[in-house]
Structure formats: structure tokens, C-alpha cells
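Chemist: Before I ask anything, here is the structure I am working with.
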Amino acid sequence: MSILLFLLLATLATSALGQGTRVGFYRTSCPRAESIVQSAVQSGARSNPRAAPGILRMFFHDCFVNGCDGSILIDGPSAEKTAVPNVPIRGFDVIDAAKTQLEATCPGVVSCADILALAARDSVVLSGGRRWEVPTGRRDGLVSQASDTANLPAFNDPISVQIRKFSEKGLNTQDLVTLVGGHTIGTAACAVFSYRLYNFNNTNGPDPDINQAFLPQLRALCPNGGEATTRVGLDTGSVNSFDNSYYANLRNGRGVLESDSKLWSDSTTQRFVQRFLGVRGLQGLRFDVEFGRSMVKMGNIELKTGSQGEIRRVCTATN
């Protein structure tokens, strides 16, 4: 073997092991991969309105725990999906349906991690958001432990903690404000925010960040001592539409989660909210464009590619 050929083969081997993701990864190996996932999302969202926002949240929670490797999809008594933040998530059946169809079409080719990344994008588009190209080529993780979810961003995190958690994943403050904007679709249970309505921080009153005109509406939906599982839209008046009205609600004191409200009350993040709202004197940001960019960035957290991990035969279990 000539030295030139040896170097060429070595270079190809190295790039195959560490090539990361790329748009069109399945273009030749499974040409219908993206359309199959899209059809599964459309079908799942028709039968369950919570599927689209659920899948978006699922992808977020997957990427923040050991990277975007589909570990949230694995079943088991102590797997990630049993952790408290993941129990309310809907849409796992959509991912499983897509995987079943893909295995019938091109067995052993498309990873569950990529199915989830594509389905998150399709869920946004189905809700009225702008489409973006999703780089693929992820491989599936082999470990899924509920205990690893302890550092997920939480509904009561102060801004400093939110910024730190995102920074640890290579995401900056603009990414934080952008990605949390995914709350423009979906709901939250009274259990995770009703403490803000009655005796916030033992003050015998509500969280002062809540608009006083909005308070009666929230209290009617979540009465003191009422049903903790009642679900409330995170983007009042636009719960099923992917748009920037979420940021207008934050500005108007209508953020439902404490962590969301802080995006406006803290000056560090408020300026990004203002830019999404087109406040005069600031360089504007287009939410529909920036969301796709930040999703691609998040989708590259701690990737498993090349020979790392595996391509699962079913998404609920390792091979």
C-alpha cells in the first residue's frame, strides 16, 4: 500500500468516526426518513394535542441529559422517562410509531436520537413555526438513568442558575431566552406554579411579577388547594400557535412559570425579550429564525456519532 493511499484511508476513517451531524445524512441510506417522521408527527398530533409540545420538550430534556442520544426514550423502572420532570411529557408513542415504520422501510439505519430531533422540528412546523434543516447522524445512547435528570432546568430556577445550566451545555444567554420561547406551545400543571398565586415565599400574597389583572384568571384555573394536575397554557391566548406572543405575555406580567417570568424581570435576559418584541433602539431578533438556529446548536450537545453508541432496533430499549 502506498503511503498516499494509507494516509487517505486513515483520513477517511477518522472523519467517519468523528464527522458529527450533517443535513441529509440519510439521503441515500434511507431517503424517506424525514417524510416518515413527519407523517408520524402529523398523525400523533391529530389524535393528541399535547403531542407536539410534548415532543419539543422531550428533545430539550433528552439533549440536556448526557447529550442528544435518545436516552429519554428508553423504558425501565429507573430510566430517564420516570423522572418527575419527564412523567407529564406526551408523544413517546409518536416516536415509537415513526421508528416502527422506519425499521420496516430501512432497518437498522435511522437512530432514535435523530427521529426525536426531526420530530421536534416537525412539531414546531405543525404548530405554525418556521421550518429549519435538521443535521442528522446521531447515534443512540446506551444509558438512561432518572438520577441524571437532576440538573435539568427547573420551573423555579433563578436566572443565574438558568444561565449556568445552559452555559454548561455550550448555550449562551440568547439561546436560553430563545429556546425557552418554545413555551409558546404547551401547558403546565397547577402543581408547578400555583405556589406563586397565594403565599409566594411566605409573603401571604402572590408573586409580584404576576400582573394583578392576570391573577384572578390563574386563581380560577388553580384554586388554593385545588386539583394539582389541571393544566394551564403557558402562552395565554396563543397556546397552540408557535409565535412570539409568549414574549409579549412575559412583558405584560403574564408569564405562568416563575422561571419564565424572570426572563422579563431580570435585566440580563430582558434585553433579549425586548429584541424579540422589536423594541425601538435595540437590534431586533426574529423568533422564528433564531429558534431554529438555537435548536440546531442544542441538537449538537454531547453527540454520539461514528462508532459510538448504537442504532436501536426499538427506541424503548437498547439492543
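Yeah, the Cβs are placed from backbone N, Cα and C, and that goes for glycine too.
Annotations for this protein, taken from TrEMBL, read as follows:
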DOMAIN    20-319  domain 'Plant heme peroxidase family profile'
DISULFID  Cys30-Cys106  disulfide bond
SITE      Arg57  site 'Transition state stabilizer'
ACT_SITE  His61  active site, proton acceptor
BINDING   Asp62, Val65, Gly67, Asp69, Ser71, Glu80  Ca(2+) 1 binding site
DISULFID  Cys63-Cys68  disulfide bond
DISULFID  Cys112-Cys315  disulfide bond
BINDING   Pro153  substrate binding site
BINDING   His183  heme b binding site
BINDING   Thr184, Asp235, Asp243  Ca(2+) 2 binding site
DISULFID  Cys190-Cys222  disulfide bond
Chemist: Consider the binding-site residues Asp62, Thr184, Asp243 and say which one has the Cα lying nearest the Cα of Cys222 (disulfide bond).
Modeler: Thr184
Chemist: When you rank Asp69, His183, Cys315 by Cα distance to Arg57 (site 'Transition state stabilizer'), which of the recorded positions ends up on top as the closest?
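Modeler: Comparing Cα positions, the candidate nearest Arg57 (site 'Transition state stabilizer') turns out to be His183.
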Chemist: Are there any residues in the same chain, six or more apart in sequence, whose C-beta is under 8 angstroms from the C-beta of the residue listed as 'heme b binding site', and if so which?
Modeler: Leu234, Asp235, Tyr246, Leu257, Asp260
Chemist: Tell me, how many other CB atoms lie within 10 A of the CB of Arg57 (site 'Transition state stabilizer'), whichever protein chain they belong to?
Modeler: 24
Chemist: Around the Ca(2+) 2 site formed by Thr184, Asp235, Asp243, list the extra residues of the same chain whose Cβ is within 8 Å of the site's Cβ centroid.
Modeler: Gly181, His183, Ile185, Ser238, Val239, Ser241, Phe242, Asn244, Ser245, Tyr246
Chemist: Using a Cβ-Cβ cut-off under 8 angstroms and a sequence gap of six or more, which residues of the chain neighbour Glu80 (Ca(2+) 1 binding site)?
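Modeler: His61, Asp62, Val65, Ser71, Ile72, Ile74, Asn86, Ser144, Gln145, Ala146, Asp148, Thr149 - these are the non-local Cβ neighbours of Glu80 (Ca(2+) 1 binding site), listed in sequence order.
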Chemist: For Cys30 (disulfide bond), what is the tally of other C-beta atoms lying within 10 angstroms of its C-beta?
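Modeler: Counting Cβ neighbours of Cys30 (disulfide bond) within 10 Å gives 19.
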Chemist: Looking at the binding-site residues listed here (Gly67, Asp69, Thr184, Asp243), whose Cα lies nearest to that of Cys315 (disulfide bond)?
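Modeler: Comparing Cα positions, the candidate nearest Cys315 (disulfide bond) turns out to be Asp69.
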Chemist: Out of the binding-site residues Pro153, Thr184, Asp243, give me the one sitting nearest to Cys68 (disulfide bond) by CA distance.
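Modeler: Result for Cys68 (disulfide bond): the nearest of the binding-site residues is Pro153.
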Chemist: In terms of Cα spacing, which of the binding-site residues Asp69, Pro153, Thr184, Asp243 are within 10 angstroms of Cys63 (disulfide bond)?
Modeler: Asp69
Chemist: Measure from the CA atom of Pro153 (substrate binding site) to the CA atom of Cys190 (disulfide bond) and give the result in Å, rounded to a whole number.
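Modeler: The separation of the Cα atoms works out to 18 Å.
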Chemist: If you draw a 10 Å sphere around the Cβ of Cys106 (disulfide bond), how many other Cβ atoms fall inside it, taking every protein chain shown into account?
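Modeler: Summing over all protein chains shown, Cys106 (disulfide bond) has 16 other Cβ atoms within 10 Å.
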Chemist: Are there residues of the same chain, six or more positions away from Thr184 (Ca(2+) 2 binding site), whose CB falls under 8 angstroms from its CB, and which are they?
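Modeler: The answer is Leu234, Asp235, Ser238, Ser241, Phe242, Asp243, Asn244, Ser245, Tyr246.
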